[in-house]
Number of protein chains: 6
Amino acid sequence: MRPSKRAPDQLRAVTLETGVNRYAEGSCLIGFGHTKVLVTASIEESIPGWMRGKGQGWVTAEYGMLPRATHTRGRREAAAGKQTGRTQEIQRLIGRSLRAVVDLKALGERQITLDCDVVQADGGTRTAAITGAWVALRLATQYLLDEGVLKADPIIGQVAAVSCGVFNNVPVLDLDYEEDSNAEADSNFVLTEGGDIVEIQATGEKRGFTRAEFESLYGLAEKGIGELFAFQKAAVGK
Amino acid sequence: MRPSKRAPDQLRAVTLETGVNRYAEGSCLIGFGHTKVLVTASIEESIPGWMRGKGQGWVTAEYGMLPRATHTRGRREAAAGKQTGRTQEIQRLIGRSLRAVVDLKALGERQITLDCDVVQADGGTRTAAITGAWVALRLATQYLLDEGVLKADPIIGQVAAVSCGVFNNVPVLDLDYEEDSNAEADSNFVLTEGGDIVEIQATGEKRGFTRAEFESLYGLAEKGIGELFAFQKAAVGK
Amino acid sequence: MRPSKRAPDQLRAVTLETGVNRYAEGSCLIGFGHTKVLVTASIEESIPGWMRGKGQGWVTAEYGMLPRATHTRGRREAAAGKQTGRTQEIQRLIGRSLRAVVDLKALGERQITLDCDVVQADGGTRTAAITGAWVALRLATQYLLDEGVLKADPIIGQVAAVSCGVFNNVPVLDLDYEEDSNAEADSNFVLTEGGDIVEIQATGEKRGFTRAEFESLYGLAEKGIGELFAFQKAAVGK
Amino acid sequence: MRPSKRAPDQLRAVTLETGVNRYAEGSCLIGFGHTKVLVTASIEESIPGWMRGKGQGWVTAEYGMLPRATHTRGRREAAAGKQTGRTQEIQRLIGRSLRAVVDLKALGERQITLDCDVVQADGGTRTAAITGAWVALRLATQYLLDEGVLKADPIIGQVAAVSCGVFNNVPVLDLDYEEDSNAEADSNFVLTEGGDIVEIQATGEKRGFTRAEFESLYGLAEKGIGELFAFQKAAVGK
Amino acid sequence: MRPSKRAPDQLRAVTLETGVNRYAEGSCLIGFGHTKVLVTASIEESIPGWMRGKGQGWVTAEYGMLPRATHTRGRREAAAGKQTGRTQEIQRLIGRSLRAVVDLKALGERQITLDCDVVQADGGTRTAAITGAWVALRLATQYLLDEGVLKADPIIGQVAAVSCGVFNNVPVLDLDYEEDSNAEADSNFVLTEGGDIVEIQATGEKRGFTRAEFESLYGLAEKGIGELFAFQKAAVGK
Amino acid sequence: MRPSKRAPDQLRAVTLETGVNRYAEGSCLIGFGHTKVLVTASIEESIPGWMRGKGQGWVTAEYGMLPRATHTRGRREAAAGKQTGRTQEIQRLIGRSLRAVVDLKALGERQITLDCDVVQADGGTRTAAITGAWVALRLATQYLLDEGVLKADPIIGQVAAVSCGVFNNVPVLDLDYEEDSNAEADSNFVLTEGGDIVEIQATGEKRGFTRAEFESLYGLAEKGIGELFAFQKAAVGK
C-alpha cells in the first residue's frame, strides 16, 4: 500500500496553470501533488559567446529551490555562494531534455532560459520541472510565432518526465517524498511523444535492482508520461 | 496624474493570502498591486554561534528575487555566486524591522528566519516583504504559543512599511515601478502601530528634495501604513 | 551628559588634511574625533561597460576598514573573500551621495572612484567618508579643470553628512562609538548646501522613536552639516 | 565501421596497474584504451559531521581532470575557483556506485575517499573511474582487514561500469572520444556482478532513441562489464 | 646614476612613527622614502584550531595595498573577492620573518597578527613591512610584559629587511619603484641582528645574474639592514 | 647520516620519461626519488589580453598536487574553491624560472602553459617541476620548429633547480620530505647552464643560518644542478 493510497500506476493530481507571470514570454505553475514548480521562459535576443556565429539559438535551464520548499529549511544557495552539485545536475538535465525537442537552427540566434523554481517540494521536482518547462517553452515560442519574429515553429516534439521506483518491492509511478526516501530503486524517465528516449536515469538506492524491475518501471513511465502529454496539451490550448 | 490613475494618497490593491506553504510554521503571499512576495517563517531550535548562551533568540530575514520577477530576466544570484549589495541591504532592513517588534528574550533560544522571495516585482518589494513578514512571523509565533512551546507572546507590536516618493513634483504613496524609475525622490517608511519610527530611508534620486516635501511623504506614509495594519490584522484573524 | 562631555549639538573636532597621497588626483585624511578616514579620488579615462556610449561619466565609491581600525581586530575582507553587507551598503550610500552633486554629462566619459579607507573607527565612519569624499572629488575635478581636460565644472553643489541619535533620551549630534552602541535611535543625514535632502537613514535601535524626536535630530543635522560645509570650503581653499 | 576498427561489442584494451602510489591505502592506474585514470583510496579515521554518531562509515569520491588530459587544454578547476557541474555530477555518480557494494556499518566510523584523476581522456572517463575505484577500494579495505582494524569485510559485491552508444545507427560498446562526440545516443551502465543495476544513465544526443536500441545497449553493457569484472579480479589478485 | 641621485649603498629616508593607532597593542607608520606602510599588531587570546593544545602561540601577518597606493588605481582585493598570489606570497614572507625571532612557547597560547597596509607604494613595500612589523611586534609584546601577562620576553632577536638589485649593471641598495621596474636583478634580504639569514629571495628579472653580483647585493644588504636596526631601536625607545 | 643514507652532496635517483601524454606538444614525468611530477607543455595560439599587440609571447605555469600525493590526504583545491598561497607562490616561481630562458619575442604571439601536477610528493616538488618543465618546454618549442611554425629557436638557455638545506647542522643536497620537515634551513636554487642565478630562495626554518652555511648550500646546488642539466639533455635527445 502506498502512503498516499494511490494505485501503483497512478499519478498524483496534476495541476498546470499558465500565464502566472505577467512579464515572462511563457510561464506556468505545475503541481505534481504537493510538489509545486514555478516555471518561466525568458527570451533573450543574444546567445552565449561560445554559440555565436553558428546561426542557431540555445535553450537552457536554471533550477532552484526556495529555502522552505522542504520540511526543514534548507540553506539559500545565493547566500551559500554556490549551487550544489544536485542543483547543477538537475538544471543540466532539464536543459538537455528541452533541447531534444527544439530545432535550434529554426530558433535563430536567440536564447530561451527556463527558470524552474520549486515553491514546494514533495518528490519529483525535476520531472515536474521538465514537464512544466515544455509548457512554458511552447508558450514562449508561440509568442515568437504570433509576433512574426519566427516564421517556422522550432518545437519539433513534446517531452515530459516522470519518476518511478521500487517501493516495498513494488514498482510504482510518480514517487512522493515519503516513497522517494524509502525506495529501493529510483528512476527518472524523460520521453518524447513519439516514444523515444530523451533521458533515463535509474539508481539503486538501498539495493541494486533487477533488469525485470527496471522493465516494469519503464512500462509505468510510458503510461504516466502518456497522461502528462494530455495535461500539457490542455494547458497550451491544443 | 499617476500612470495607474491612483490618487496621490492611494495604495495599490493589497492582497494577503496566508498558509500558502504546507511546511512553514507561518507563510503568506502578499501583493501590492503586481508586486508579489512569498514569505515563509521557519523556526529553528538553534541560534547562530555568536548568539548562544545569552538566553535569547534571533529573528533574521533573507530576500531573493526570482530571475524573471522583472521585465527583463535578471541573473540568478545562486548562479552568480553571490548576493548583490542591494539584496543584502534589503534583507538587513527586513530583519531589523521585524526585530523591532519582537522581545528576543521571550522568544527563547530559537531562531525564526523570514524568507522573502519576490515572485513578481513592480516596485515596493522591500515594503511588501516587511509587511508580509510580520504576518508570517505572527503566525509562526502563534504556532509556538498554540503548541505550548512558548507561554508568553514575544511579539510586542505590529510593524508595516510603505514607499512614498515625489513623482512629477507631487508627493505620492506606494510607488509602482514606473513611478519609482522616474521619481525625483524615493523613500521607505517602516512604522509601528504605535506610530514610532522603526526605519526611514529617503533618497533624492534626480534632485535633492526639500524638508517640506519630506514632511508630505511622511504624512502619506502614516496614512498608508495605517491601512496596511488593517490588512495584516485581517490576515492573522484578529 | 555625553561620555565625551560634548554639548548635545556639538560636533567632535574635525580635521581635514588634503594632498595626503602623492599619486591620487585628489585626496584627504578626514577626522571626526578619533574616527579617521583616508579618501583618494582616482580618475580613470574609461567607464564601466553598462555606461558606455551615453556621453556621460560616473562617480563611484569603495569603502573598507583596516582590520585594526576598531577596538578588537576585525576580519580582513580580502582574506574572507567578500565584502560584508554593511560594507556594500555604505559604499553604495557614498556613491549615491556624491553623484547627487555631480553633473555626469559635464564630467564626460570618465570615472572617478572615491576610495574611503577607515584607518581608525570611533563611530560615524560613513558620514566622515562622505564629507571627506566631497573634498577629494572637488580636488580631482579641479585638477581636470586646471589641466584643461574639462572646460566646465561638473560639481554642481556641496554635500556633507553627519549622524545624530537619541542617547539617554536626549537628541545628540555626531555620535561617537560609545554613544552609537547605546543609542535608542540612530540616523544619518546627507544634505546639500542648499538645504536639500540627499539621503536620510533613521533607525530605531533599542526602541522605535517618535516623530518629534526625529524632527529634533533633523535640526541637529542641519546645524552640524552647516559647520562641516565650512571645514570643506577651508580644505579646498575657497 | 568504428574509427578504431573494433567490433561493435569489443572493449578497448584494458590495463590495470595497482600499487602506483606509495602512500595511499589502495591505488591503481586504469586504462580504457587511451583513457587513463589514476585512482587512490584514502582512509581517514573520521567522518563528515552529518554522519557522526550513526555507527557507520562513508565512502565518497572526487573526480578531476588534469588540464591537458584532453586534445586542447582545459581550464584548471582549482584556478577557476570551482568545479564544473559535469565534475560534480561525475563524482556523485562514482560515490553512489561504490557505496552500492559497501556495508557502511561494517566499515565502522571511518571514511574512504576515492580520488579519480584523469591523466589522459579519450572517452569513458567516468566508467573507467568507477571500474578502477572498485579496485582501489578493494585494496584499501583489504589493508584494513590485514591490519586487523576490521574483522569483517565491508565489501559486499563487485561493481564496474562501461559506456555504450548508438554510433552511425549501430549500438556499440565502450565509446572512445571520436565516437562519443558523434553518437546519436550515449549511455553509462553501472552493474554489480550479480547482474543488478546500480545506475543507468541514457541520453539521446542527436536524436531520441528507441526502446529497442536501448535494450541492445543494455546487452552490450552486460557483456562488457562481465569482462571488466575479470580484469578487476586479476588486479586484486583473486 | 640612480634616478633619486642616491649613492649605490644609500637607503632612502627612513621614517618610523609609533603609536599611530589608539586601539592596537603595537603600531607604527614606516616610510622608506615615498613608500609608507601602516602596521598594527593585534593580540588575540586564542590561536588557530590547528595550533591548539601545543602550549605555544602564533605570529602571523596580513598584507594589503590600498587601491590608490600606486600610480594607477589597482583593484581592491576585497571587491575582487580574493587576494592575489603576490599578496599571499608577501604576507607569508612577513609572517615567517617575524616568527624567526619569536619564542612561540614563551608567547603562550595567544596570537599576534601583524596587519601591514600599504598606504603609498614606491618599491620595497615588503621590506618596509617586515621592518615596521618588528617594531609593532616589539611594542605589543612590551605591552604584555608591562601588563604582567607575560613574565619572560618572547622576542629573541631583531629582524629587518631591505631590497637590493642590479640597476644599470650596478648593484644598488633599497630600490625605489623606478629602479625596481627596470632592474636586471632584484632581491630581498631578511637578516637578524646577529647576522643570520632569515630569508633571501633573489630573482633575475631581465637577465640571470652572476654569483659575484649576488655577493655584492648581499654586502649592500648587510650594510643597509644594519642602519635599519638603529632606526628600529630608536623607535622602540631602547 | 641522512635518513636515505645518501652522501651530503648526492642527488636522489633522477628519472625523466618524455612523451607521456599523447596530446601535449611536450610532456614528461620527472622523478626526484619518490617525488613524481607530471609536466605537460600546451601551446595556445593566443595570449592573455594584457599581453596582446606587443609582438611577443608568454610562458606561464600552473601547479597542483593530487590530493593523495602526500602521506595524508590533502584537500583538493578545486573542491576548496581556491588555490592555496603555497600553490600560487610555486607556480609563479616556475613561470618566472622558465621565462628566464625564453626569448618571448622569438616565440611570437602564442602562449605555452606548463602544467606541473605532483603525482607523489617526497620533498622538492617545486625544483623537480622546474627541471621537468624545461624539458617539456624544450620539446614543445622543438615541435614548433619542426612544424615550421617557428624559424628561430626561442629557447636561449637551459634552466634547472634543486633544493639544499642544513640538516642536523650539515649542508645537504636535494632534501627529501623527512629532511625537509626537520631542516634548520631550506633553500631552492634555480640556475642556468651558464651559471647565472635565476632565482634563490633561502629560509631559516628552525633558526637563522649563517652566511657560511649559505655559501655551502650554494656550492651544493651548483654541483647538483650540473648533474640535472645532463639528465635534461639526455631526455631531450641532445
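A Cβ is built for glycine as well, from the same backbone N, Cα and C atoms used for every other residue.
Among the candidates B:Arg75, B:Arg76, B:Arg86, B:Arg99, the residue that TrEMBL annotates alongside B:Gly124, B:Thr125, B:Arg126 as binding phosphate is B:Arg86. Per-class residue totals from DSSP over the domain 'Exoribonuclease phosphorolytic' (B:10-140), listed helix then strand then coil: 45 helix, 41 strand, 45 coil. The domain 'Exoribonuclease phosphorolytic' (B:10-140) scores a mean pLDDT of 96 in the predicted structure. For the binding-site residues B:Arg86, B:Arg126, the greatest number of Cβ atoms within 10 Å around a candidate Cβ is found at B:Arg126. Spatially close to B:Gly124 (phosphate binding site) yet at least six residues away along the chain are B:Arg12, B:Phe32, B:Thr35, B:Val162, B:Ser163, B:Asp174, B:Leu175, B:Asp176, B:Asp180, judged by Cβ distances under 8 angstroms. Other than B:Arg86, B:Gly124, B:Thr125, B:Arg126, the residues of this chain whose Cβ falls within 8 Å of the Cβ centroid of the phosphate site are, in sequence order, B:Tyr63, B:Ile90, B:Val118, B:Ala121, B:Gly123, B:Thr127, B:Ala128, B:Ala129. Residues of the domain 'Exoribonuclease phosphorolytic' (B:158-223) grouped by DSSP class, helix first, strand second and coil last, total 19 helix, 30 strand, 17 coil.
Summarising the environment of B:Thr125 (phosphate binding site), the number of other Cβ atoms within 10 Å of its Cβ, over all protein chains shown, is 25.
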